[in-house]
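A.B. asks: Pasting in a structure now, in structure tokens, and then I'll have a few things to ask.
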Amino acid sequence: MPSFREQMKGFPLWQMTVICIIRFSEPIAFTSLFPYVYFMIRDFHIVDDPAKISKYTGYMGASFAFAQFLCCIHWGRLSDRIGRKPVLLLGLLGTATSLLIFGFSTNFYMAITARTLMGALNGNIAVLQTMVGEVVKERRHQSMAFSCLPLLWNVGCVVGPSIGGSRIFTRPKMSSGDVKSLGSYDRFVEKHPYAMSNVVVACLLLFSFVVGLLFLEETQPKAKLKYDYGLAFGDRILIVLGFSPSAQSKKSEDIQETPSETTPLTSDAIYDSIDESAFEEDDDDRSISSFDQPLTRRTSLAIIRRYSSSSLQRTTTNTSVFDETKSIFKAFRNKKIFSNKVRATILAYFCLSFHALVHSEFLPVFLAGKFQPESLQFPWHYKGGMSWETSRIGSLLSTTGFGGCFIIIVVFPILDRHMRNIDVLRIASVVFPVAYLLVPYTIFTRPEYEPKFPSWLSTAGVYTCASFQSAAAALSFPQMVILVYRATIPKHRAFVNSTAISCTALARCVAPLLWGALMSFFDSRGVGQVSWNILAVIALFTSILAFKLDEYDEDLHRDDQMA
């Protein structure tokens with residue numbers, strides 16, 4: 001087996017760093033509300049019965065996911081047309097704007113509108129996954145590169161809840177015991193108890209926007225031939241700091257041309273007609289006789305770049321990827337785009353996202369619920385929750401997020417060098433059902449119910465279950481992304497990745513709605529553990545799917561790139 005140093009040789013470190021900075025801020029935006037969303041809905045006074053708060057928490061989560069489900073595919077198709085970079089930057093701005101609206105919301109309907117807007121304006125994860133595949137050319141780098149995205153998710157799960165659960169930024173209204181505000185900042189936080197955490201996260205998003213604007217290189221084959229003013233300015237900054245400018249910026253400067261009397265009027269049409277699949281690598285040699293019109297320097301450079309790495313697969317006579325996916329429903333029925341392997345992998349991805357999202361959003365609800373020892377009767381009856389405060393919930397989520405980072409940084413590379421991706425996924429998938437099954441029974445270990453148990457036991461039980469779930473998720477999601485990537489024809493990866501993310505968004509839409517209602521229903525009847533038992537069954541079904549999947553070897557299907 002190759003050493004880690006050999007495996008990382010030639011890894012595109014700088015561009016992956018920029019991509020990670022863009023990715024880093026988004027999980028912070030998504031998870032920062034988890035510690036306080038229960039209290040935020042409570043303070044909106046939309047329901048009188050605390051048992052119904054979880055249902056409205058579900059509505060909040062579902063609104064984001066449903067909007068993302070409707071819009072994610074279109075963002076992916078737009079990235080095929082105008083480039084990856086503009087779509088990513090628009091997503092960052094849209095998320096920042098939505099967060100500010102959410103933080104200053106004065107009622108439930110304003111908050112859910114902002115959350116919906118956030119989902120509609122953000123299709124970044126699908127585009128980022130495609131971009132990683134386009135930046136990382138060598139197969140030996142793929143596992144490490146794709147693991148960076150869930151790694152950043154786990155880092156975000158550390159930072160996000162820490163911000164959202166901090167008493168500095170978030171102060172839910174309490175019926176008693178609050179310290180009276182003295183300064184202007186305290187008065188502001190008292191008036192807008194959930195605003196400052198969102199302002200902080202919005203600033204992080206704007207920082208990611210600036211980094212992406214200045215240093216992110218376009219990877220979409222046609223769009224990267226266009227001159228990038230932001231990248232050119234960023235390269236000037238790099239030169240001042242003593243670093244080398246990007247290679248793409250140098251090419252962009254050669255591409256840029258000043259219109260003159262000798263510039264053919266048809267040049268843009270020729271340029272736009274070059275299919276991006278013409279830049280995919282293969283071993284064939286073909287002629288360029290179909291170019292029977294005068295060529296500009298921009299078009300000539302495209303041909304030179306193509307022939308310097310591989311041959312031209314298609315010219316102006318071929319159908320572009322955008323045209324092939326123009327009719328979305330026809331594209332879904334296209335067996336070349338959505339093969340049985342792709343569909344099976346996306347189904348498993350859907351189920352994994354479903355139960356992982358339920359755990360992420362409703363574990364804090366369970367922990368924040370009022371502890372009612374009089375309703376406890378082992379093993380079948382409990383009502384309410386653990387009565388944890390926001391800071392305590394935030395500490396749990398941050399700790400488990402840090403554990404997930406450790407798994408990806410330390411454990412994942414070792415497993416990747418010695419095991420197949422599908423085998424790692426199968427092992428991790430077995431952990432979820434056990435963790436979900438044990439979560440609700442930690443409430444019976446509290447000393448208020450059973451005095452023989454020490455006070456730390458229930459906390460240790462919650463941390464253990466959450467840590468195992470976080471470790472399994474940290475190992476599962478990178479493998480699932482890689483399996484989808486390798487099962488897809490290269491020229492359709494942006495579209496298929498967008499579809500996969502839309503499917504996971506649908507899971508995240510259905511999951512909060514369904515589980516919010518289920519938790520409220522079973523909790524009101526004193527059998528709150530039933531919803532967790534059902535979740536364990538869904539996780540078991542996902543594990544069965546994982547054992548039925550097989551690892552797709554893209555190297556054996558290179559001919560599909562020319563289909």
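Each Cβ is built from the backbone N, Cα and C atoms, and glycine gets one as well.
I grabbed these lines from TrEMBL:
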{"type": "DOMAIN", "residues": "15-554", "note": "domain 'Major facilitator superfamily (MFS) profile'"}
{"type": "TRANSMEM", "residues": "12-36", "note": "transmembrane segment"}
{"type": "TRANSMEM", "residues": "56-75", "note": "transmembrane segment"}
{"type": "TRANSMEM", "residues": "87-106", "note": "transmembrane segment"}
{"type": "TRANSMEM", "residues": "112-132", "note": "transmembrane segment"}
{"type": "TRANSMEM", "residues": "144-164", "note": "transmembrane segment"}
{"type": "TRANSMEM", "residues": "194-216", "note": "transmembrane segment"}
{"type": "TRANSMEM", "residues": "346-367", "note": "transmembrane segment"}
{"type": "TRANSMEM", "residues": "393-412", "note": "transmembrane segment"}
{"type": "TRANSMEM", "residues": "424-444", "note": "transmembrane segment"}
{"type": "TRANSMEM", "residues": "456-482", "note": "transmembrane segment"}
{"type": "TRANSMEM", "residues": "494-518", "note": "transmembrane segment"}
{"type": "TRANSMEM", "residues": "530-549", "note": "transmembrane segment"}
A.B. asks: Looking only at the domain 'Major facilitator superfamily (MFS) profile' (15-554), what is the model's average confidence as pLDDT?
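C.D. replies: Summarising the domain 'Major facilitator superfamily (MFS) profile' (15-554) by its mean pLDDT gives 78.
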A.B. asks: For the transmembrane segment (56-75), name the stretch out of 194-216, 346-367, 530-549 with the most CB-CB pairs under 8 Å.
C.D. replies: 346-367
A.B. asks: Determine which residues of the chain contact the transmembrane segment (393-412) at the Cβ level, with the cut-off under 8 Å and only residues 6 or more beyond its ends counted.
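C.D. replies: That would be 31, 34-35, 143, 147, 150-151, 153-162, 164-166, 364, 367-368, 462-463, 466-467, 469-471, 473-475, 478.
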A.B. asks: Residues of the same chain, at least six outside the transmembrane segment (87-106), with any C-beta under 8 angstroms of its C-beta?
C.D. replies: 22, 25-26, 29, 33, 75, 78-79, 113-115, 117-118, 120-124, 127-128, 131, 192, 194-199, 201-202, 205-206, 208-209, 212-213, 216
A.B. asks: Mind pulling out the one from 12-36, 144-164, 346-367, 456-482, 530-549 with the most Cβ pairs under 8 angstroms to the transmembrane segment (112-132)?
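C.D. replies: The listed stretch sharing the most Cβ pairs with the transmembrane segment (112-132) is 12-36.
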A.B. asks: Could you give the residue numbers and ranges of same-chain residues that sit at least 6 residues beyond the transmembrane segment (494-518) on either side and whose C-beta is under 8 angstroms from one of its C-beta atoms?
C.D. replies: 54-62, 64-66, 68-70, 72-73, 75-77, 79-80, 84, 119, 123, 125-127, 129-130, 220, 321, 325, 331-332, 337-338, 342, 346, 349-351, 353-355, 357-358, 361-362, 484-485, 488, 530-531, 534-535
A.B. asks: Mind checking which residues reach the transmembrane segment (12-36)? Cβ under 8 Å, same chain, six or more beyond either end.
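C.D. replies: Those are 64, 88, 92, 95, 99, 102, 118, 122, 124-125, 128, 131-132, 135-136, 141, 145, 148-149, 151-157, 159-161, 163-165, 170, 172, 194, 197-198, 201, 204-205, 207-208, 211-212, 215-217, 246, 360-361, 364, 390-391, 393-394, 397, 401, in sequence order.
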A.B. asks: State the non-local partners of the transmembrane segment (530-549) in its own chain: residues 6+ outside its ends, Cβ under 8 Å from one of its Cβ atoms.
C.D. replies: 344-345, 347-348, 351-352, 354-355, 358-359, 362, 422, 425-426, 429-430, 432-434, 436-437, 439-440, 483, 515, 518-519, 522
